[in-house]
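> Please find one structure pasted underneath; my questions will follow.
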Amino acid sequence: MQPSGRHYVVVRPLFSEDSFAEQHERINRNRKTLRHHLKDYFTSLSKLCLYCLHCSCDRNRAKNAALSLLPIIGWMKNYNIKEWLLGDIVSGISTGLVAVLQGLAFSLLASLPPGYGLYTTFFPAIIYFFLGTSRHLSVGAFPILSLMVGAVVTRLVPDGGPPANITGFEGLSMEQQRVLVASSVTFVMGAFQLIMGLLQVGFIVMYLSETLVSGFTTAAAVHILVSQLRFVLGLDFPGVNGPLAIVYTLENVFRDITNTNVADLVTSIVIMVLVLIAKEINDRFKSKLPVPIPIEVIMTVIACGVSYAFNFENRFNVVVIGEMVNGYESPIAPNLEVIQESAVEAFPMAIVGFAVAFSVAKVYSIKHDYTIDGNQELLAFGVSNMFGASFRAFAASTALSRTAIQESTGGRTQIAGVLSAMIVLIVIVAVGFLLEPLPRSVLGALVIVNLKGMLMQFRELPFLWKNDRTDFVTWVVTFVASLFLGLDLGLAVGLGAELFTVVYRTQFPRCSLLANITGTDIYRDCKDYNCIYEPDGVKIFKIPSPIFFANIDFLRDKLVQAVGFSPLKVLKKRNKALRKIRKMLRNGELEVSEGGLKVRQPSADTSEDNSMEGLDQPIDFSGIPIQVNWNTELPANISVPAVNIHSVVLDFSAVSFLDLSALKGLKATLKEFLRIEVDVYIVSCDVYIMEKLHQCSFFDDEIKTSIFYPTLHDAMLHILETHPDHGELEKDLDINYEVIQRDSITV
């Protein structure tokens, strides 16, 4: 290849796959099968266990194992005290204050007393400090997970009815029963995450696209908004869960709307307006503010003071937080019956919690140039949730707003996360009683305000509709299903819709006919360009997807449409015509002349052979003294569809795999074309697909390896040499096809 300004010149032989293989020897590599990968994985795992048991590992192996299981060792030894410590302290205090309020608020979503949200903000954060690979995640209560936990809690321990018949509920108050349910479902959720981490399946989040997550989280935000209306309006009705829960909740809200507590409503509106204004100021002047205005903390302190001073609880019948948790309660074991009842719901919780946390962690790891390990993150969250559940915490992940505060206020490592947990610790053991006068409507208002980011995802819909209708469908289906069926079933439906769109795109790909761009060796869709050259008798068909059992029939139909005839029908018509010609020759009704076959006398026998047997076999001219020209007029009103092409080129450049069902269908299609004297060429076929074709006995006396060419242009030059077409392509490439040499091509 010679570079020459904005041009390039290539001089090389004209290659088919056979001639290329003759001149360029390929290295035969032994590729690992799934069995070998599993064997290597379990071998390495067993060796690691033996090293740990017998302490026989050397220093490097021990170091690598420790760094893998305890990432804190890796970044702590490089901790820059002078540059990072002050930022981590400021960040930890700021994040801790917000974490306290969010822990209290998100407890309401989980249908638990507010104080238990503080446990969720403390215990998982401590474990994640040692096991997590992200330096910026603020681990704790997450609204969507809290709502999913709340659905299980209210199902097993409803507000307006008896609890489920579960051993272990005897002698417990409704509050204690709900705490037991929440901790048990959190434990099994953490167990799922731990198992997935041990099995190294962190890649599972790849199946949750941004579109699906956006639709899911938007529906969750609407659920959260509706669930908080009863606190904001000061209404008293039992929570609802299950399919259509949002409809029943709204029905209860509108039914009791006349009982709205004006004090709660006014307090909520004032809180929401002031918080929204302060957040807008934080966004607009974030470059000038040393730290964001802690408006949630400020409003909480003011609301506590006003509620206590004016005795909101007794004078205005406002529901307040009430008695807070004082210190830590003794650990509890998960209830096995609750685990059996909630395991189905716990699995989507594990997926959602990890997917959200990993997505956020990935954003900040790219921004600050460090790596995170998905499998280690699964281990970290699994152990964190199992440990937290033992101390009455509920499901933990990360809140987007809290993580943003931790990063924007100067947090550089998980030191900030530990300091924020210490702030929560102080509230739990020392100053929690100061929050007892806080109206629950304030927490509901703070939850609603923090939904702004998720609710604004509705703005994605016009963009998706305009640019990608299938993603639009995924978003809408996920949103609607999650909204009306519940978050667990909605996630499953959304995942099904997403996989359906993938199948749809591969099952019904956009096939096209290609043509040569005049003066180049480039081929594009003939509908998209004016300056193109299409040689007579040649069709170039591009297949832009894998070929498998679900789309092979569709691709065959598209190929038939592209060439303008069905090769199987033509083959059957020709074989049927030959039967009739043989019969007429035997009966003396036809004679052979210089012009071909002529009718000697009308046939007295009007019967026809209508047997379909053997019509799809190769054409056999035995018993006929001449070669029949199918494109001329045939005698005795014998009609055979005309075939106006001599070559079909299949572009396999976008075909990534080919299964056995498709292989059989492809082989049958190629034979149909070859049997009606239409040459077929396959170009740009992946090497590994070629290997599979050889392994599966694809080639035989009719289909040979010589039909494969490494590039489309190689095949086209061969076709134009075999069927000279003195047109634009010859003139532009300056090739004389009458004297073309097989040993060189100049472009």
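We count from 1, first residue shown onward.
Just so it is clear, glycine is given a Cβ too, placed from its N, Cα and C backbone atoms.
It should be emphasised that the depicted structure is a prediction, and the values quoted were computed from it without experimental measurement.
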> Transmembrane segment per TrEMBL sits at which of 64-81, 442-459?
442-459
> I need to check the long-range neighbours of the transmembrane segment (415-435): which residues 6 or more away from its ends have a CB within less than 8 Å of a CB in the stretch?
79, 84-85, 87-89, 91-93, 95-97, 99-100, 103-104, 115, 118-119, 121-122, 125-126, 128-129, 137-139, 300, 304, 321, 324-328, 406
> Can you work out which residues elsewhere in the same chain, 6+ from the ends of the transmembrane segment (346-366), have a Cβ less than 8 Å from its Cβ atoms?
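Here the qualifying positions are 133-137, 139, 142, 144-145, 148-149, 185, 188-190, 192-193, 196, 202, 204-205, 208, 213, 216-217, 339, 372, 374, 377-378, 381-382, 385, 395-398, 400, 403, 407, 487-488, 491-492.
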> Assess whether the transmembrane segment (178-199) lies in contact with the transmembrane segment (378-395), where contact requires at least three Cβ pairs under 8 Å among residues 6 or more apart in sequence.
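Between the transmembrane segment (378-395) and the transmembrane segment (178-199), which are separate recorded stretches, there is contact, as judged by 3 or more close Cβ pairs.
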> Return yes if the transmembrane segment (257-277) and the transmembrane segment (211-233) have at least 3 CB pairs under 8 Å (sequence gap of 6 or more), otherwise no.
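They are in contact.
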